[in-house]
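Take a look at what Swiss-Prot says about it:
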{"type": "BINDING", "residues": "G19, D20", "note": "Mg(2+) 1 binding site"}
{"type": "BINDING", "residues": "D20", "note": "Mg(2+) 2 binding site"}
{"type": "REGION", "residues": "26-38", "note": "region 'Interaction with DNA'"}
{"type": "REGION", "residues": "44-47", "note": "region 'Interaction with DNA'"}
{"type": "REGION", "residues": "138-143", "note": "region 'Interaction with DNA'"}
Amino acid sequence: MNTKYNKEFLLYLAGFVDGDGSIIAQIKPNQSYKFKHQLSLTFQVTQKTQRRWFLDKLVDEIGVGYVRDRGSVSDYILSEIKPLHNFLTQLQPFLKLKQKQANLVLKIIEQLPSAKESPDKFLEVCTWVDQIAALNDSKTRKTTSETVRAVLDSLSEKKKSSP
C-alpha cells in the first residue's frame, strides 16, 4: 500500500506527533533470528482513552495500523515495515522535534535487507537504534548495540572453535 497523504494532513499530524508521538526503534532478543535479535520499528501516538476516537480516526486516515488501550491511555501503533516507510517518508519533511528519529528509522528500513545477511551491517544498524533511543530519552532499555556485539562475538567464537 503506497498511500499518498495530503499536505494539510501531514502538516497537522507532524505537529501533533512532535508533541504526543513517538518514533521508536528497539532491539529485542529473539533466539529464532539469525543474529539472536530482532529489530522493532514503531510509529506511535498516545492519547487519553477518552480521546481514543481521534486515534481510531488516524487508523482510517492513514489506512494501516491499530489502536491499543493501556489503562487510562490509548496508542495508535504503526509497525508494518512497508507502510511505515511510506508514511514516514511523507511525514518526515514536516517534523521538527522528531525529524532525526524519522530519518534514522528510514535509514534502518532501507538497510534491513543487507542487515539480515551481514553481522557487521546488523551491528551498524543496531548503533542507529542506540541513536534513536538517545534522542527519545529512553529510560528502560535493556538491549543495546553492545549487547548485540557481545552475542555476535560469542557466535563468531563458537564458529571458530567448531571443527
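Placed from the backbone N, Cα and C atoms, the Cβ positions cover glycine too.
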Taking the Cβ of G19 (Mg(2+) 1 binding site) as the centre, how many other Cβ atoms fall within a 10 Å radius?
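If we count other Cβ atoms within 10 Å of G19 (Mg(2+) 1 binding site), we arrive at 10.
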With every protein chain in view, what's the tally of Cβ atoms within 10 Å of the Cβ of D20 (Mg(2+) 1 binding site), excluding that atom itself?
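13, counting other Cβ atoms within 10 Å of D20 (Mg(2+) 1 binding site).
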Average pLDDT across the region 'Interaction with DNA' (26-38)?
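So the average pLDDT across the region 'Interaction with DNA' (26-38) works out to 94.
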Let me know the DSSP-derived helix, strand or coil state of D20 (Mg(2+) 1 binding site), please.
helix
